[in-house]
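The next block holds one structure in the form of structure tokens; read it before the comments.
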Amino acid sequence: MADRFTKMHGLGNDFVVIDARVAPVEMTPARAHAIADRRHGIGCDQLILLEPSTSADVKMRIFNADGGEVEACGNATRCVATLIGKPAVIETLAGMLRVTPADGGAEVTLGEPVFDWDHIPLAMPMDTRDMPVAWDELEHGAAVNVGNPHIVFFVPEADAVALDQLGPRIETDPLFPERVNVNVASLDGENQLQLRVWERGVGLTQACGTGACATAVAAIRAGLVRSPVTVALPGGDLVIRWAPGEPIVMSGAATRVFDGETDWAQFG
């Protein structure tokens, strides 16, 4: 019997979604990496494995293209919400996420952002609102954990930054013991941000939902914008709502591209 999957994307951030709630699927980092390979596998930024949960409607496991299992992915959560098709609670390594499908997408309620340096985590104590760091033109980053670790830099022109070169340097810097997602943003009108993201374990992406959340939170915290914030990514827009002491709410599109069949055994 063939193994089934669904190919989806959230603003160009693409996923192979495997529903293993009835028929279990053994997933290893090596197998996830092989499936995500765009030349020899199916190809995706992340592989999403849905499993039964004893405390939520479904458990969602997330594997980056390099095979590493990670805590959270906002775009994938919206995609899974549209597959479920009704309000639901999704269990992740980052905690419980509440989702509500909407026309062409979904709304996701994440937890509250975390700013403590040791919970980002960083390798040393530091003011996460204005970090005294510099990698070439990227200086004074803000660190936020929104279920996974992010550093945010505000610059005059996000498109002018050589993120393909600086991203991997910052991601793997010893300051970040669990590596980090790198966000470069610029103001793009009242309560609007332009954002590019180097995603940990993936690279440059068309969109990153948790990156949009982290960047909007950092911008609100710095007094640059007010909620709700429209975040423009290469793949499209997300709307982020947040106030201090409250959870983050993200809204945006999710697209089902096609359903397919394969044999997972061929991927190791």
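Even glycines carry a Cβ here, placed using N, Cα and C.
Worth saying up front: this structure is predicted, and the values here are computed from it rather than measured.
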Note: Swiss-Prot has N13, Q46, N64, G74, N75, N181, E199, R200, G209, T210 binding substrate, and from N145, N148 that site also includes N148
Taking every pair from N13, Q46, N64, G74, N75, N148, N181, E199, R200, G209, T210, which the record gives as binding substrate, the longest CA to CA distance in angstrom is 17
Ordered by sequence, the long-range same-chain Cβ contacts of N181 (substrate binding site) under 8 Å (at least 6 apart) are N148, P149, H150, I151, E171, V197, W198, E199, R200, C208, T210, G211, A214
C73 (active site, proton donor) sits from N64 (substrate binding site) (Cα to Cα, rounded, in Å) at a distance of 10
Cα-Cα, N13 (substrate binding site) versus C73 (active site, proton donor), nearest Å, comes out at 10
Ordered by sequence, the long-range same-chain Cβ contacts of C73 (active site, proton donor) under 8 Å (at least 6 apart) are N13, Q46, I48, I62, G209, T210
